[in-house]
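Per TrEMBL, the features are:
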type	residues	note
DOMAIN	A:208-374	domain 'Helicase ATP-binding'
BINDING	A:435, A:438, A:475, A:478	Zn(2+) 1 binding site
BINDING	A:444, A:447, A:462, A:465	Zn(2+) 2 binding site
DNA sequence: AGCACGCCGACT
DNA sequence: GTCGGCGTGCTC
C-alpha cells in the first residue's frame, strides 16, 4: 500500500488516462491517504483527479516524482470498486487508468456539497405587522429553515420583505444541509396485488436477496406479464435489508413512464443517471450515492461506475439490449459487468427481458444463472394476432413497397378510426442511389458505405460516419442530368407511398432525423399516444419503450431486413426487434393485428414471431450456434473493424487465423461493418473481437501486437461474454 | 485522453 | 510576415 522511503512517503495513484499502472506520487508530510482516496495530482501541465490505488509503489526517478496536492473530502472508493476497475481493465484489455476515468466523471462532486444559507424564525417580533409580513410569518410557522427566495416565493412576497424582517432580527441566518436529490423510497408504499405466477417469481427473487450472496436470476417474462412489478419486489427486499439498488436501463428506455411507475410503487422517484443529466444534478447524485443518501439509482450503463456506499442489488432491465454495449474507449457490456460487480460485491443480480439474449439463456441452461419464467399475460394485454405476408405471393404495386394485403388492413383500420404503425428500420428516403445511365453508385468518400438519400433535406448522408453532401442533379461520373434513381425504401419513401394511398390520413414519420431533438420527439410520441395521428411510420425508435394505446395494426415493412448481414447475431436481433415492435399493438383490449412483410415466411424467426413460440426459436438458435461454434460457445470470433488499407486488413486477417486457429469465423469488416470488399481508402487500424474464451483472445491480441508494434494503442477489444471463465 | 511542441499552407 | 492544420510524444 503506502510505502515509506527514507525520505518521502509515496502512494500509487491511478490517473484518468491510458496508463497501464498507477503512477507514483509523493505524499506530503501530514497528509493522510488510504487506498481509494480521491486526490488531486499534477499530471503534465494540468491538475487531475486520481484514485490512490492498492499495492506497493514503484520507485521512480526522484526528478519525476511530484506530490499529491490535495485529498478530497469525499468517501474513498471502496475495495470492491477498486477490484471491479482492475477486473474490467484486465478483461477488456484496457488501461486501468481509462477505467478509473469512468469513475471520475463528476469532478465537482469530490468536494462536499456546500451548505446553503437559510433563514429561521427567531423569538423576535417585527416592529409593524404589514400584510406581506404576516403572510411571511404564517408561512414560516413551524420553525423550519427556509431559503430566502423559497420563503419569498411561498409567501407570495418580494424578497425585500424578507430582507426587512431579517434586518429586524425576526429571522436569523442558519446553514441548511444540502437537499437530497430524491426522497427516500418506501418499500411498503404500495405493495401490489400480484398474479399467482408473479407472486411465485417475486418469492424466488426475495429468497435470492435474503440469501445475501452473489447469484444471477434471469427473469424471462413475455410482454405484458408484469416483469417490472416482479423485480420491484426484489428492489423492495433489497431496500428492506438496508442496501442500495441500481436499476440499469438501456438509455432509450430511461423514460418518464418508468420513473412514474417506480414512484407509484415506492412513493418516491429513483435518482436518475444518464449522459444528459445536467452537471449540477450529476454532481449531487454522485455525491449522495457515495454517501448513501440515495437508495435507488435508475441509470444507463455508466451508472455501473457510481461509487455506491453499500450496493445490494443490480437489476438489468431489457438485458438483451445492444445499448448496454459501450463501443468506444473501454469496450464493455454493462449487463455482463453488472454480473461481475455482483460477484465482487457478493450480492444478487437480476437480468430481465421478454426476449433474453442467447448468452443469458445459455448461462441459465448451463446452471450459471437461475431462470424464472413469467408466461401468463394479463388478459387485456393480449398480443395481436400475428401473420406473415408472403411478398412473393402478394407483391407490392410497381414502384411501391407495401403489399396490397397490408394496405387493405390499413384502410380498414382507418375506417375504424384506429391507428396503424408501419415499422421500417431504415432512416431517410432510400439506402442507395445510382445513375441509370452509367451505373454509378453514390458511396461515402470517408468510409465507403453507401450514401443514404434524405429527400426531405435534399442530402446524401452516410449513416456510419455522418458525412453528408447535397444531392446533385447530375451524375458525377457521366454528367447525365435527372437520371439518378433511388433504390430501396427508407421511412420517408414509405411515407410518400402511404400518402399516395391515404391522402386524408394524418401521417407522421418518427425517426432520429426528426428536427427539434429529443424534446420534439417526446412531444410527437405523446401526440401519437393521444390519438393525434392515424398512421405512424417509424424506425426502431418506435419499437422501444413507448406505448400507443390506440394502435391496433402494426405492419413490418421489411421483416427480413437485418437477417442477411453476416452478423452471427442477426437472427437473434431480428427476433428481439420484431417481438418488441409487434408488442406495440394489442395493449388496448381491442382486437389487433400484426403483419410481417417477408420473402421468407418459413424462416425460423418469422415462424417464431407468428406462432409466438419463442422457446422453439431459442432451442433452435442455441443448437445452431453450438454446431457452428458461434458466440456464446467457446470459440473465438474475431472482427477487424477497420484497417489502414485493404491489404493491411487482409494480412491481419491472416495473422488472426494463424494465431487463433480454433476461431470459428473471422469477420473482416470495414469501419462501417461493411464487407472487406467495400473497404477502400486509408483507415486507422482498429480491431474488435467478439470472443468467448479469454485465453484465446488475449493470446491473439498479443500475437497481433507482436505482428505490428505500430498498432499498439489503436487496438481495441470487445468481449461479449465469457461464460467459461466469467465467474 | 489531453496537451504541448513542431513543422508546412492561406490570410488578418 | 502570422494563424492553424494535425503528426508525434509525454505525462509519476
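Heads up, the Cβ atoms here are built off N, Cα and C, so glycines get one too.
Positions of the features from TrEMBL, shown on the structure.
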{"residue": "A:435", "record": "Zn(2+) 1 binding site", "DSSP class": "strand"}
{"residue": "A:444", "record": "Zn(2+) 2 binding site", "DSSP class": "coil"}
{"residue": "A:462", "record": "Zn(2+) 2 binding site", "DSSP class": "coil"}
{"residue": "A:475", "record": "Zn(2+) 1 binding site", "DSSP class": "coil"}
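Rounded to the nearest whole angstrom, the C-alpha distance between residue A:475 (Zn(2+) 1 binding site) and residue A:444 (Zn(2+) 2 binding site) is 15.
Within the set of binding-site residues (A:435, A:438, A:444, A:462, A:475), the lowest number of other Cβ atoms found within 10 Å of a Cβ is recorded at A:438. Across the domain 'Helicase ATP-binding' (A:208-374), the prediction's mean pLDDT works out to 93. Ranking the binding-site residues A:435, A:438, A:478 by Cα distance from residue A:444 (Zn(2+) 2 binding site) puts A:435 first. It is 22 Å from the Cα atom of residue A:438 (Zn(2+) 1 binding site) to that of residue A:462 (Zn(2+) 2 binding site). If you take the Cα of residue A:435 (Zn(2+) 1 binding site) and the Cα of residue A:462 (Zn(2+) 2 binding site), they are about 18 angstrom apart, rounded to a whole number. The Cβ of residue A:478 (Zn(2+) 1 binding site) has 12 other Cβ atoms within 10 Å, all protein chains considered.
Taking the centroid of the Cβ atoms of A:435, A:438, A:475, A:478 as the Zn(2+) 1 site, the other same-chain residues with Cβ within 8 Å of it are A:436, A:437, A:439, A:440, A:476, A:477, A:479, A:480, A:483. Across the fold, the C-alpha of residue A:478 (Zn(2+) 1 binding site) and the C-alpha of residue A:462 (Zn(2+) 2 binding site) stand 22 Å from each other.
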